[in-house]
Amino acid sequence: MAKLVLSLCFLLFSGCCFAFSFREQPQQNECQIQRLNALKPDNRIESEGGFIETWNPNNKPFQCAGVALSRCTLNRNALRRPSYTNAPQEIYIQQGSGIFGMIFPGCPSTFEEPQQKGQSSRPQDRHQKIYHFREGDLIAVPTGFAYWMYNNEDTPVVAVSLIDTNSFQNQLDQMPRRFYLAGNQEQEFLQYQPQKQQGGTQSQKGKRQQEEENEGGSILSGFAPEFLEHAFVVDRQIVRKLQGENEEEEKGAIVTVKGGLSVISPPTEEQQQRPEEEEKPDCDEKDKHCQSQSRNGIDETICTMRLRHNIGQTSSPDIFNPQAGSITTATSLDFPALSWLKLSAQFGSLRKNAMFVPHYNLNANSIIYALNGRALVQVVNCNGERVFDGELQEGQVLIVPQNFAVAARSQSDNFEYVSFKTNDRPSIGNLAGANSLLNALPEEVIQQTFNLRRQQARQVKNNNPFSFLVPPKESQRRVVA
């Protein structure tokens, strides 16, 4: 009984902490941006089963937003080794499908290998839940939670990851760090870290000896072998394997599994037959009956948390205009795991020459990654200066700081993007169209503010009947007529 009370107290305390969480503020002048650029990755690390690309987190827009970005490509039968980070992260699946696992510390292993005949003495494998992922999925990874990912299909998997280094959960500095459990891979953000002189009076011989002992590159490789023998109760030969001794450097963070990975996981067909079980919306927080059903213990709040939510080409977008495009947003209201991360995401699709009207994010920075096609984008800062005026193309990233105004017009048949937001409940204010800032002002205020005649003020206020997505001009004329 005492343990149960302690667990409940822990949950209540954790809930309060998350409810009043905050982001660290960027350093002074980091958001005094006079010019933005559409950025491509500037570093690539090859591995046996794929590669990882990164954007420089020291660039001023990344420093202002307090985030780091990477893109991982997994080939057929490629396994990304388990790792965890010092800050929460969101992963968007741009392409492909496969399986992934995430380790919830302290939660039970609920997947069990079936007992085979004649193998009664062999211990059965038990592990935590394995999930399927597909194109368009958003995966939530809490701070310090180890996860792995595997591509079991022919199509390469492309996963874009955002790490929120400004999160209050990051107790280190603003440099992103990935802690691998195995392997001898290079840290993807290591080259961006400033090199500092080591203090102390350690001899050169001692330094070389320590470097040789730690050459494996993973968490386990740094421990003394006798420590691991004691901890795992295994012999020295197994410990050498755990520490990656004599492993080929080319393997890296992504390894190829010969013959494919054989693990216990629910079949994809089963998930497709019961999509409502995987994608069902979570209860309304105001529904007391719902709270009593879904929040009655640690297993049901943490260990069974839903970790993926599809926001790709969906049949039920949040905003839809058949002539302009669609927008789908994932927030903590429909994807509660995001309340742990204090992050959210938006998927958008724009038809050719359609426009996302000028708007701004009230309470979040926006990290826009172009998935497909190209669009003409303009961004304006608080001084009325156009800090970006150019094309955003597939594979490029554009960071729009909080309250900076932005507008986009598709230049291709179908421009698609995903926008990561640094708030789990972001708000957008549109400057034009229905329900916009100007639409909500009295005509007289518009007239006096912009020195317009009354009829002109009425046109500014009412001529655009659309809210966020505006069709091409030809379609607009037909609608107005």
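In case you wondered, yes, glycine gets a Cβ from its N, Cα and C as well.
Motif 'Vacuolar targeting signal' is the annotation Swiss-Prot gives to one range among 322-331, 452-461, 472-481, and that range is 472-481. Here C31 is paired by Swiss-Prot through a disulfide bond, and of C9, C16, C64, C72 its partner is C64. Per-residue pLDDT, averaged across the motif 'Vacuolar targeting signal' (472-481), gives 60.
According to DSSP, the domain 'Cupin type-1 2' (309-458) comprises 17 helix, 69 strand, 64 coil. Annotation note: C31 (disulfide bond) sits in a coil segment as assigned by DSSP.
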